Ligand code: 5GP
């Protein structure tokens, strides 16, 4: 349970591909501007159209990312879908927590497990689709991945869905406004 008015707390949002994490997080940022710190991850994947370096992600090369791992600058990192590196820069997270701001990490299952092991007080939230068929429909509908990439992501999604019970909370993302309200309640945002 989250204590009413709890401030400096680390929240982790995970969930399978195309479940709508980005949309829900965007909605949370728009509804509660400045009330929490949304971590900006580092990644070695290519930017998608419209993504801005330093806002969507810190886009970097493999050697740059490996340097960041070696220097201990990441709270967690993983190779997502067996391909690209993704990781959470540690300093901005700690700084926001020091300032008393709730922090939200939107990361994959492997990352969530690492953070929970390092920071057992982190509150983990799993975003679930209403059904498997709906997940497939959302992934195909957004059309940002090749069919080969879609298969890879759906494969990962099966493993992730099986791990949902490891999380402190499971939230079904049916309608974005309702999901946003549920997350805000969990994070103590008002
Ligand atoms: P996408 O390429 O669609 O932006 O993200 C792919 C996956 O990477 C998503 O499941 C997302 O949660 C995960 N991800 C994004 N940033 C991080 C991070 O910093 N660490 C980890 N472990 N996973 C991340």
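Positions of Cβ are set from backbone N, Cα and C atoms, glycine also.
What TrEMBL annotates here:
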- 15, 16, 17, 18, 19, 20, 21, 22: ATP binding site (BINDING)
- 8-188: domain 'Guanylate kinase-like' (DOMAIN)
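Fewest Cβ neighbours within 10 Å among the binding-site residues 18, 19: this applies to 18.
Every protein chain considered, the tally of other Cβ atoms within 10 Å of the Cβ of residue 20 (ATP binding site) stands at 21. Close to residue 17 (ATP binding site) in the fold, though at least 6 residues off in sequence, lie 81, 135, 139, 153, 154, 156, 157, each with a CB less than 8 Å from its CB. Those same-chain residues not listed among 15, 16, 17, 18, 19, 20, 21, 22 yet with C-beta within 8 angstroms of the centroid of the ATP site C-beta atoms are 127, 129, 135, 138, 173. Confidence for the domain 'Guanylate kinase-like' (8-188), expressed as mean pLDDT, is 95. All protein chains considered, the CB of residue 15 (ATP binding site) has 27 other CB atoms within 10 Å. Ranking the binding-site residues 16, 22 by how many Cβ atoms sit within 10 Å of each one's Cβ puts 16 at the top. Reduced to three states, the DSSP call for residue 15 (ATP binding site) is coil.
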